[in-house]
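*Asks:* Here you go, one structure.
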Amino acid sequence: MLNKYALWKNALILVVVLIGALYALPNIYGSNPAIQITATRAATVDENLINRVKTELTSSGAEFSNIKIDDDILVIRFENVENQLKVNDMLRESLGEAYSVAQNIITASPEWLLSLGAQPMYLGLDLRGGLHFLMEVDMDTVLKQAYETFTADVRRVLRQEKIRYLTVKQLKDGIEVKFRDSATRDKAEAPIRQQLDELTFEQNDRDGAFYLSLKMTEVSLVERKKSALKKNITTLRKRVNEYGVSEPVIQQQGEDRIVLQLPGVQCSSCVKKTLSAVASLEFRLVDWKNSIEDALKGRVPIGSRLYYDRQDQPYLLKKRVIMNGQHISSAASGMDSESASAAVYINTNGVGAKRLSNVTRKNIGKPMAVVFIEQKPVVREVDGKEVVTYKKTEEVINVATIQDVLSRRFQITGLDSPKEAHELALLIRAGALVAPIRIIEERTIGPSLGQDNIDKGTLSVIVGLIMVVIFMAVWYKGFGLVANVALSVNLILIIAILSLLQATLTLPGIAGIVLTVGMAVDANVLIFERVREELRNGNSPQMSIHAGYEKALSTIADANITTLIAAVVLFIFGTGAIKGFAITLSIGILTSMFTAIMGTRAIINLFVSGKTIKTLSV
């Protein structure tokens, strides 16, 4: 029978529309600005904290909609961003370093929607407001650090092979080893070349001395720079996640730059502090031979240094560092099975394992200390400008007797609580930046500007939709109304897919939706004009509908596929705003083909299938 869909097709269309409506629904509820408070070290998040925060909010006159504890995090919801910013600054000052206070955006959707995984669309920086940083990685430092490592490795190889040399000098772009004679130089080149295959070798003689010049290969230089950039991006991402920012954007730009976007965040100085904070561990032997009383009186022996733990207990430690955080490959918190105390389980890399093994083998029965080092940025305002300085704290967190040879895997105990062990493991995993970063561009987009962009973008979609609806209803009458229903469903499906994929919607993305609104009815225009043509040729209404959809299909497919190809190219080669436009355009093309072809056909079939139709409202 003409113009009748199989039951499964109608069921498929209905299911798609219902699922689309379900996953688009969270966008009606929207999101709330929020403050999240987490405890650090000895502090706890409990009812006492809620009462304390409530008292401060009431006394300051700040309005909030809800306050509760969720997974050991105190969450305060607000109706507007202004109150959020006001409370954020106030709580940071009053709670101090005992608690971490972070801004966030939390969905207002009911629990039953969240249980289905339904979330509202992510909004980009231009719609939500927030911070934009463009950072440059200091590649000179990357190469300097690489050559420092190679210089130490060259000395190590020469000592292992018992080859005499005069000097090993690190240059700006290489290493120079000086020998007394060419025979020794030739003898040294083979083991260095074998163990350090990332270097190129060049011999030269001058002033009666024999030199071996070493430089990194071009491939090694490129790989070192790429690796430094990727590791810095990973570290920044971990730090941003620890800060509690939702929907951050961290991307590489060019060969040595990183773009960081934090929607919904307005506290620039707070973010800078979090991004530039450095935490690490150092493992040192305890100087048990010398008197700590003499050290406290100012007579610290050469080669040793005085440290303190958190209870101000002094320790005299060797200056030589056995191993530091750079030699740790992973860290996880847990409980020590013997002492039932908090512990951090450490895995070292190959270099760290070798160093630790060599030292502990020679010092069994002697004490070794673990020093926790943290550099906290302190932001001060000088002459109206923010100046960041760093406060370095070093404290002994663990002293234990070496019972056996340590190697790749061991544990650290002596921590105050499981929470502290968890935080220490997080800091170690996040690690230090491989190379320094410099902020070369910073922009703050206010929440009011973001809301203004949302309002204007929404208005443009509504105006475009109304104009298209009026045109289709006037020009194509009843069939035009069917197309308008399909157009509305198309918008719902676009929003649902963006929400389901958690794609970021930007202002150019809204432009893509507006364009899709106009393009979505193109297919219906082609179909309806073809139906009119079939009617003019004397075909029956039923046959005209069937022929209109069948004969217009290839033209519709060709037009949409070519546009989709262009959108995919924009997504692949574009960045930022261009990608946002390409995403919504691509989704809009696919959904419009579904609604314009299958959706409208299903609705029209409901009215004409199995009936004798003399005229069509088209």
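Keep in mind that glycine also has a Cβ here, set from the backbone N, Cα and C atoms.
Not measured: the values here are computed from a predicted model.
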*Asks:* Can you check which of 5-29, 580-604 TrEMBL lists as transmembrane segment?
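*Replies:* That would be 580-604, the stretch labelled transmembrane segment in TrEMBL.
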*Asks:* Note the mean pLDDT of the domain 'SecD export protein N-terminal TM' (2-103), expressed as a whole number.
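*Replies:* Within the domain 'SecD export protein N-terminal TM' (2-103), the model's average pLDDT equals 83.
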*Asks:* So if I exclude everything within five residues of the ends of the transmembrane segment (507-531), which remaining residues of that chain have a CB under 8 angstroms from its CBs? That is, six or more out.
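*Replies:* That would be 124, 126-127, 453, 457-458, 460-461, 464-465, 468, 472, 476, 479-480, 483, 486-487, 490-491, 494, 544-545, 547-549, 551-552, 555-556, 559-560, 563, 577-578, 580-585, 588-589, 591-593, 595-597, 600, 616, 618.
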*Asks:* Per DSSP, what is the helix/strand/coil residue tally across the domain 'SecD export protein N-terminal TM' (2-103)?
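*Replies:* Summed by class, the stretch gives 54 helix, 24 strand, 24 coil.
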*Asks:* Would you mind listing the long-range same-chain contacts of the transmembrane segment (580-604), meaning Cβ under 8 Å and 6+ residues beyond its ends?
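*Replies:* Distant contacts of the transmembrane segment (580-604): 3, 5, 9-10, 13, 16-17, 124, 479, 482-483, 485-487, 489-490, 493-494, 497-498, 503-513, 515-516, 519-524, 527, 545, 549, 553, 556-557, 560, 563-564, 567-568, 570-571, 574.
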